[in-house]
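Trainee: Here it is, the structure in full.
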Amino acid sequence: GGGGGAAMAEDEGLVSVDYEVSGKVQGVFFRKYTQGEAKRLGLVGWVQNTSHGTVQGQIQGPTARVRELQEWLRKIGSPQSRISRAEFSNEKKIKALEHKEFQILK
């Protein structure tokens with residue numbers, strides 16, 4: 001944490017953040033819904049199933065929008081999913097988007 005009144009300009013930049021979601025998140029169209037939500041928010045990145053039953057990926061876009069998708073990944077997900085935990089790591093400011101779109105990786 002750490003408080004402090006950050007200027008609004010903080011939220012104007014682009015960020016990149018990795019995520020991994022645990023729970024019942026495979027076989028429930030989690031990737032398809034994540035892609036749909038990301039596109040709705042205008043974000044780019046990717047999502048894929050892992051061999052150990054989680055879903056992971058990367059999100060890039062305006063900070064405020066990325067935060068919205070993080071909340072979605074933490075609490076909502078696809079209708080059939082049961083999210084037990086969503087972890088976010090490697091958050092960093094970026095100058096430009098490194099992906100063209102938000103894709104589902106095999």
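Count begins at 1; order follows the chain as displayed.
From the backbone N, Cα and C atoms, a Cβ is placed for every residue, glycine too.
Note that the structure is a prediction, hence the values are computed from the model and not measured.
The active site feature in TrEMBL is assigned to R31, N49. Positions annotated as domain 'Acylphosphatase-like' by TrEMBL: 16-106.
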Trainee: Tell me the residue counts in helix, strand and coil for the domain 'Acylphosphatase-like' (16-106), as DSSP assigns them.
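Mentor: Going through the domain 'Acylphosphatase-like' (16-106) residue by residue, I get 25 helix, 39 strand, 27 coil.
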Trainee: Within its own chain, what residues at least 6 apart in sequence put their Cβ under 8 Å from the Cβ of N49 (active site), listed in sequence order?
Mentor: Q26, R31, V55
